[in-house]
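Asker: Take a look at this one; I'll ask things after.
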Amino acid sequence: PRSFSAAELVRAAPAALQPYLRLMRLHQPAGTWLLYLPCTWSIALAAAPGCLPDWRMLSLFGAGAVLMRGAGCTINDMWDRDYDRQVARTASRPLAAGDITTFQSLVFLGGQLSLALCVLLCLNYYSIILGAASLSLVITYPLMKRITYWPQLVLGLTFNWGALLGWSAIKGSCEWSVCLPLYFAGVMWTLVYDTIYAHQDKRDDIMIGVKSTALQFKEDTKLWLSGFSLAMLLSLCVAGMNCNQTFPYYSAVAAVGAHLAHQIYTLDIDKPEDCWKKFASNRTVGILLFIGIVLGNL
């Protein structure tokens with residue numbers, strides 16, 4: 001019996017398409033959710049009091065998240081194909097396994113970016129310029145693991161750009177007293193979930209010479225994750241106060257805090273399966289906050 005899931009949809013696709021769908025990680029939607037959810041927070045916060053968030057914008061940003069996450073994964077695999085061959089978890093990726101060529105992936109990348117540009121052009125001029133400014137982060141992030149033990153910080157700066165863009169798409173510009181704390185909260189959140197993710201590969205990373213916060217923090221990981229979580233929660237409170245959010249919002253922030261506390265307390269950094277489970281559970285964190293923003297607005 002077939003289950004309805006992203007992985008099943010990819011497996012059901014024509015064989016010639018499957019390497020491209022796997023290249024853009026369509027079979028692993030957790031990353032797309034983590035890119036999309038900060039956009040939804042911003043769009044929902046920008047809604048007028050008593051109103052639901054703009055569903056057209058939520059849909060546009062959803063399409064943009066799928067395309068830009070896919071483009072980011074394609075760029076990442078183009079940079080890392082030689083590294084990926086040496087890591088058990090990534091050796092089967094299409095470029096590393098030789099299922100598609102670098103030229104084919106480059107053409108595919110051009111198609112994804114072209115479609116993403118079409119989505120971006122549906123927004124106002126301020127947002128078009130702001131969105132285009134994130135491309136340099138998308139391109140350079142995959143190189144950071146060669147340079148610094150903090151590539152997760154650069155990923156956070158990249159993945160949470162939607163916290164700025166969502167507000168400007170609704171309002172025509174950024175209200176920095178709201179957008180910057182929201183963006184900072186997202187960056188701290190990324191440092192939590194991507195450090196957990198990086199612990200899956202730490203043994204392979206040491207062997208091949210790439211860096212991560214997992215290798216930087218080592219046995220102090222839970223202490224660092226607790227600090228990032230606290231910074232996230234405080235920043236969310238600042239963002240909420242600066243746009244006059246109400247009780248349901250702060251209840252959601254408390255629920256997010258409880259989820260993160262449980263996640264960190266029960267985390268086993270030496271079990272890759274547990275790291276993946278905790279990483280993927282962060283979708284719940286983002287959805288909780290989105291629901292709290294919507295209810296707070298209403």
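Using the three backbone atoms N, Cα and C, a Cβ is placed for every residue, glycine included.
As annotated in TrEMBL:
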type: TRANSMEM; residues: 30-48; note: transmembrane segment
type: TRANSMEM; residues: 113-141; note: transmembrane segment
type: TRANSMEM; residues: 153-170; note: transmembrane segment
type: TRANSMEM; residues: 182-200; note: transmembrane segment
type: TRANSMEM; residues: 221-241; note: transmembrane segment
type: TRANSMEM; residues: 247-267; note: transmembrane segment
type: TRANSMEM; residues: 279-296; note: transmembrane segment
Asker: Is the transmembrane segment (247-267) in contact with the transmembrane segment (30-48), using at least 3 Cβ pairs under 8 Å (sequence separation of 6 or more) as the test?
Answerer: no
Asker: Which stretch, 182-200, 221-241, 279-296, tops the Cβ pairs under 8 Å count with the transmembrane segment (153-170)?
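Answerer: Maximum Cβ contact count belongs to 182-200.
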Asker: Same chain only, please: residues at least 6 beyond the ends of the transmembrane segment (182-200) with a C-beta under 8 Å from a C-beta of the stretch. Say none if there are none.
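Answerer: Residues 34, 38, 41-42, 45, 89, 152-153, 155-157, 159-161, 163-164, 167, 212-215, 217, 221, 224-225, 228-229, 231-233, 235-236, 239, 260, 263-264, 267, 269-270, 272, 275-276, 278-279, 282, 285 contact the transmembrane segment (182-200) from elsewhere in the chain.
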Asker: At a C-beta cut-off of under 8 Å, are there same-chain residues at least 6 beyond the transmembrane segment (221-241) that contact it? List them, or none.
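Answerer: Cβ under 8 Å, 6 or more out: 45, 178-179, 181-182, 184-186, 188-189, 191-192, 195-196, 199, 213-214, 249-250, 253, 256-257, 260-261, 264-265, 267, 269, 289, 296.
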